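Everything on this sheet refers to the single structure shown next.
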Amino acid sequence: MPPLLHPALPLLLGATLTFRALRRALSRLPLPEHVRADPLRTWRWHNLLVSFAHSIVSGVWAVLCLWQTPEMLVEIETAWSLSGYLLACFSAGYFIHDTVDIVISRQTRASWEYLVHHVMALGAFFAGIFWNSFVGGGVLTLLVEVSNIFLTIRMMMKINNAQHLLLYRVNKLLPWTCPQPATQRQVFDRMRGLQLVERRANTTKNSLTIQEN
């Protein structure tokens, strides 16, 4: 099938336009005093608001994907689920939107590291979207969005010159209270083990039923 007719393209376009519409809607919200006084801070504030929304949705979504399909923790190349595939399309749409936003806002030079990150992320997501490879790997990488929630809050408070607030200091420590990768792996391994035990129990039960009949 030609790439232009790939069924994922409407999903990517829809996700990209959704984030664009979200940015326009968030730009109508009132701005803090320190932010609205500087056009650069204003743009950065709106950009971070969209990033904050993406982190919340994709972070929670990634955890749910791994809960539903724990095989993604082991078979990162071949494991697949519809939810994980849609999450990859959703996040790819965000990275496309943010790349365009940086370019049209003429922030390319100041935000070049974000552009490099976006290109690398899109390459990984496109492997899952167009070739059905590493969907599980893409979902695993999106776990970082959970900690990005706190990072984005801290960056927004810095832009607003609010580092003196207690909330800033508390938020700065919160990511360190999140489970470390080893702990996360233990948790999901336990989840996977419970699901395997349940499947084996159901298989044994079905076998006994067949023998009785």
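Heads up, the Cβ atoms here are built off N, Cα and C, so glycines get one too.
The domain 'TLC' annotation in TrEMBL covers 40-213.
Here TrEMBL flags 48-67 (among others) as transmembrane segment.
Panel annotation: around the transmembrane segment (79-97), residues 8, 11-20, 23, 50, 54, 57-58, 61-62, 64-65, 68-69, 71-72, 118, 121-122, 125-126, 128-129, 132, 135-136, 138-139, 142 of the same chain, lying at least six beyond its termini, place a Cβ under 8 Å from a Cβ of the stretch. If you look up TrEMBL, you'll see 79-97 (among others) marked as transmembrane segment.
What TrEMBL lists as transmembrane segment is 117-150 (among others).
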Review point. Taking the domain 'TLC' (40-213) alone, what is its mean pLDDT?
Key: 83
